[in-house]
Amino acid sequence: MRPLAGGLLKVVFVVFASLCAWYSGYLLAELIPDAPLSSAAYSIRSIGERPVLKAPVPKRQKCDHWTPCPSDTYAYRLLSGGGRSKYAKICFEDNLLMGEQLGNVARGINIAIVNYVTGNVTATRCFDMYEGDNSGPMTKFIQSAAPKSLLFMVTYDDGSTRLNNDAKNAIEALGSKEIRNMKFRSSWVFIAAKGLELPSEIQREKINHSDAKNNRYSGWPAEIQIEGCIPKERS
């Protein structure tokens, strides 16, 4: 009787195990929607994975500022030249006023004049300060700026060798504190206003002198820049 009872117990166990396996398969088929097996397996694996949060791509600001200027201001950025291959740039309200791409920058002092009321550029000129007598024409150009004008000045290569006293006086009259400190191949940027006052917190000028020990480029100092936001005229 014992062998018979043992065999019967094995049969019952096999049948029970088969029923459990069939029922488990049935439940799995009902729970997983009709989809490729690979997709189902991926879904199961993904249950334990943490969601990956992607940081949004930073929005580009006017003149490549890190933070946006208020809507009631003008954005500007002035960049001096650096070495032979780094040309000076003047950007205003995300418009390149002077730069290598436009072909309107050259050795010396580069100047852009902007109408403060409209925000439109009125004139751009470059003046070679290494060769030729260009201090006189530059002085007249600066003095020709109409009232309520913004003047942006940047150097590329040398801006001091042929810079005479009259030109220095004209730039000094606009508020420059560094024009008389200019040396051979000094990097210099300056923002001025004619017929209006700029806010005191705005950085208006920056200079970097050539130094054989510290020059970034052979014979030239590193380029320098200033940027900021100028309040628009209130209507």
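Backbone N, Cα and C define each Cβ position, glycine as well.
Here's what Swiss-Prot has on this protein:
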DISULFID  Cys63-Cys91  disulfide bond
DISULFID  Cys69-Cys229  disulfide bond
DOMAIN    72-233  domain 'GG-type lectin'
CARBOHYD  Asn120  N-linked glycosylation site
CARBOHYD  Asn208  N-linked glycosylation site
SIGNAL    1-29  signal peptide
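Between the CA atoms of Asn208 (N-linked glycosylation site) and Cys229 (disulfide bond) there is a gap of 23 Å. For the disulfide-bonded residues given as Cys63, Cys69, the lowest number of other CB atoms within 10 Å of the residue's CB is seen at Cys69. The least crowded of the disulfide-bonded residues Cys91, Cys229, judged by other CB atoms within 10 A of its own CB, is Cys229.
For the glycosylation sites Asn120, Asn208, the largest tally of other C-beta atoms within 10 A is found at Asn208.
Secondary structure at Cys63 (disulfide bond), taken from DSSP and collapsed to helix, strand or coil, is helix.
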